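Lifted from TrEMBL, the feature list:
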- 188: active site, proton acceptor (ACT_SITE)
- 12, 13, 14, 15, 16, 17, 18, 106, 113, 130, 131, 132: NAD(+) binding site (BINDING)
- 93, 99, 132, 163: substrate binding site (BINDING)
- 7-146: domain 'Lactate/malate dehydrogenase N-terminal' (DOMAIN)
- 157-321: domain 'Lactate/malate dehydrogenase C-terminal' (DOMAIN)
Ligand code: NAD
Ligand code: LMR
């Protein structure tokens with residue numbers, strides 16, 4: 001192997017998404033079959049032993065691309081030299097916790113992690129925040145990494161995007177490969193807006209191939225509330241599908257979107273589509289040469305406008321809440 005390994009830091013490595021994610025990173029699904037990786041796992045001290053167990057299993061797979069696994073309970077050390085940072089570990093909402101408590105608890109995680117990325121990350125660092133509330137956690141981390149371009153901080157709506165593809169494919173009895181230009185707008189929350197007005201199925205607009213009632217009363221709520229439905233069914237939040245979406249997100253960012261298609265990523269707004277500058281909101285995005293760009297010039301109808309505005313208003317509220325907690 002002649003290439004220098006890429007340093008991939010995964011936080012919350014001993015959690016359920018971590019367990020579904022690490023083996024796929026190590027086997028080459030994140031960065032491709034020619035790129036060796038060095039895994040750097042960050043956990044809280046109580047979970048380091050469990051992370052060590054996962055590292056033993058990674059060893060036992062004898063992955064040819066895996067150059068090493070290091071385990072840390074200190075963010076500064078874990079992010080030293082990081083090229084790809086997957087911020088999965090977060091504080092889940094527990095009984096009796098208000099939204100403000102959740103934002104504050106996560107601020108305590110993402111503020112020092114942003115600072116550690118600022119202090120030690122490699123020049124080409126790319127950050128994906130998975131831990132919820134993902135968009136606002138990404139905003140907090142980004143705010144504490146002033147030396148890293150803001151565009152390098154992203155949050156995950158690819159799972160929502162994949163859920164939307166799958167629901168639409170089932171409705172129209174087509175393979176997911178027949179679908180292009182799916183878009184998730186806004187927050188990774190129940191206010192997100194999966195938009196079928198620009199999506200193409202076999203080259204024709206999806207919204208014109210389904211009934212309005214299905215689009216509004218079934219498709220949108222099914223996609224937006226899928227996370228809660230999984231929790232209800234599994235007794236735990238989505239893990240393998242979330243890990244798969246994280247792999248997709250980074251792979252697309254690094255290797256690009258296919259010609260004639262785009263993806264959904266929550267990225268720092270430049271004011272496009274009326275989303276206030278600086279918010280980390282999901283957009284239709286194309287990726288090329290390792291950089292992303294928001295797709296420009298789409299017509300937004302009144303229905304879509306209202307939905308996008310509602311989700312973006314929620315993001316602005318979250319930003320104001322963490323700002324008043326001194327987290328930005
Ligand atoms: P989990 O509870 O199984 O694992 C979380 C892990 O994070 C634990 O091992 C915990 O010890 C660790 N952790 C907590 N604080 C940490 C810190 N400061 N540094 C490093 N590690 C820390 O949870 P999970 O099922 O793996 O989910 C992780 C997060 O991903 C949750 O916030 C969940 O809501 C979110 N999620 C997001 C999406 C999405 O689409 N964006 C989808 C599914 C889940
Ligand atoms: C999901 O979309 O599956 C998760 O974000 C749900 C959750 O609240 O963890």
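Placement of Cβ uses the backbone N, Cα and C atoms for every residue, glycine included.
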Seminar exercise, completed: Integer Å value for the Cα distance linking residue 99 (substrate binding site) with residue 131 (NAD(+) binding site) is 15
Problem set entry | Neighbour tally for residue 18 (NAD(+) binding site), based on other Cβ positions within 10 Å of its Cβ | 25
Exercise. Which binding-site residues, if any, among 93, 99, 113, 163 have a Cβ under 6 Å from ligand 1, given in order along the chain?
Worked result: none
Problem set entry | Integer average pLDDT (0 to 100) for the domain 'Lactate/malate dehydrogenase C-terminal' (157-321) | 97
For this session: Let me know how many other Cβ atoms fall within 10 Å of the Cβ of residue 14 (NAD(+) binding site).
Result: 24
Exercise. Got a sec? Which of 99, 132, 163, the binding-site residues, have CB under 6 Å of any ligand 2 atom?
Worked result: 132
Exercise. If you count Cβ atoms within 10 Å of the Cβ of residue 99 (substrate binding site), leaving out that atom itself, what do you get?
Worked result: 12
Problem set entry | Whole-number Å value of the largest CA-CA distance among 12, 13, 14, 15, 16, 17, 18, 106, 113, 130, 131, 132, listed as NAD(+)-binding | 20
